[in-house]
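What TrEMBL records for this protein:
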BINDING   77-84, 141-145, 195-198  GTP binding site
DOMAIN    68-353  domain 'Tr-type G'
Amino acid sequence: MLSNLRKFVVSHKKIPILHVNNMCCSKMRSSLQRLKPHVPLGRNYSSLPGLIGNDIKSLHSVINPPITKIRNIGIMAHIDAGKTTTTERILYYSGYTRSLGDVDDGDTVTDFMAQERERGITIQSAAVTFDWKGYRVNLIDTPGHVDFTLEVERCLRVLDGAVAVFDASAGVEAQTLTVWRQADKHKIPRICFLNKMDKTGASFKYAVESIKEKLKAKPLLLQLPLGEGKAFKGVVDVVNKEKLLWNPNSDDGKDFVRNPLLEMSDPELLKETTEARNALIEQVADLDDEFADLVLGEFSENFDLLPAEKLQTAIRRVTLAQTAVPVLCGSALKNKGVQPLLDAVTVYLPSPEERNYEFLERISRLLLPFADQHIEIPSLTAGNIALTVGLKHTATGDTIASSKSSALAAARRAETEGGKKHRRNNEAERLLLAGVEIPEPVFFCTIEPPSVAKQPDLDYALKCLQREDPSLKVKLDADSGQTVLCGMGELHIEIIHDRIKREYGLETYLGPLQVAYRETILNAVRATDTLDRTLGDKRHLVTVELEVKPVETASVMPVIEYAGSVSEDLPTASQEATENGIHSAFLQGPLLGSPVQDVAVAVHSLIIHPGTSTTMISACVSRCIQKALKKADKQVLEPLMKLEVTVTRDYLSLVLADLAQRRGTIQEIQTRQENKIITGFVPLAEIMGYSTVLRTLTSGSATFALELSNYEAMNPQDQTVLLSRRSGLTQ
């Protein structure tokens, strides 16, 4: 059985390098047993792109569409904004499926993990490939839950564009900010889709304003809604001055009409649309000099004469330049507005050749993804997303070359073209792409197999899960010998536990969930240590004097300084051994055994007897660091979470009172239609199990979102209670 698959993107750059993103092993493993098209859970699928039944109509058209006709996009949003429902409609209207799936029914194409269907949320990204009006679209549906932020991160790195989905009644929400920042980091052009326009409380104006204020983006209104809430029936195409109305009697939203706005039939709507179009033209002209020259030169007297194609071309330029974002609206659940969204993807988002990547690959076996189905293909051209099989020693973020000579050629080419310098490792130059930024875990718990004999099976399962999910950390407790899981949240660890049971057949036992604290010091302390050992006929002697001191700027890694007399004659191997000893000591602090941060180390003296091994140097330095840390005044740092609670006015006081008991601080309370939005900070230790409590307090009407803000010093009273509890003195 194939152990895993890898997803990768092929760039237009001619460099034989592969960038690896681990996909979900369980998703791929289960579906590899059926590479030919198959219908899970009774879903009705159309033929895959380029296929009629099981026969290949044009394999070249499947695997080698023109690069200008390829769109690699992701769907990203806050949880419950409607990403998966929007994806499901896209697949239906493109002809990929013959029936509409529903998140509540657990039969969507991209949410095919058992855990996703049970919970009605996206946990791991899924890729699908389809065609739309002559364009090949590779689409990835990403999670919206904060525990699975890394899934979004690793997908954005291989995408050319994104559709940001918003709940029109809520506007920009907590996780929206997170994924937007991720897209900013990777310079991803975006389109905004204001979903749920049919929902009670939906407000086009409010959602647009929240994009301006919270995301600091410049929205380009390409559409206006025809009604809001229950009155929503269609959209106005501002660019073409057309009205799109969906047939209220249509069950699937395929039946809609597009009519030009006329003075006789829609005078008020035509006036409003003309004003919106003029404002759009002026806005784009301010952002694009080429378009400004065109408008001022030929169409300054009458913007109505400006062809829609000219306006679309200019909108595309500012979208690719990321100086503004097109905004569209609709209701995916009610099957309205999705087809124009697909049109916008092809018109305004970039093809792979318009994005600058510096990697390409050659691989032996390739699969084209269709969610939980795949077809094997012989080759792949630039700009496509596909899967590869059988890489047993890779992890997310790796860069893979087909050979050492390919890597060398790629490195030299990149250096020549970009003027970049790459480090040498032994005899080979290495070209490394930017790795995935993996957030630090904030929760941990012990995990035990059903028997000692099953421990190797558990180790294997955890090794596989870590390869595809780098945000999952596994370590061994040195004192107890227990295996410890470290994850991004309660749901993250719960999902891992469930997957071990379902996919590897292991009934494991989890210990109590613990918060991942950190430690620091409050004052500078010096310490000296000597290690003198004789092994065989060889003497190992090291004497070190160093100082640990707090630093003002947050730093997870220790800041290491050397006195002039030390650095002058210190061999490279000895320096590396010294720093290894420092890093090792910082892994476990003296209070809780938690990692130490925000501390600098100054090495004042280091005397090494000739012939002393580097291992002994590291051991002596590590012991000296631990001695210094124990002598210093110590401080526990706890993870502080940014919290956003959406609650009705009736339950506001109850929620605020509960947060006060949880050591929460309220930053602001905003009004959003009929709801109140509470934004504040609360220690992670106080928020465990909060979803159940909030549901009880508000009769299930409130929702909340969490995001790690920073690590903050505990007050002395809380720290004393924590240390007493950990030592077993209190309950």
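The backbone N, Cα and C atoms fix where each Cβ goes, glycine too.
It should be emphasised that the depicted structure is a prediction, and the values quoted were computed from it without experimental measurement.
Other C-beta atoms found within 10 angstroms of the C-beta of M197 (GTP binding site) number 29, with every protein chain shown included.
Ranked by how many other Cβ atoms sit within 10 Å of their Cβ, the binding-site residues A77, D80, K83, T142 place D80 at the bottom.
In the predicted model, the domain 'Tr-type G' (68-353) has a mean pLDDT of 84.
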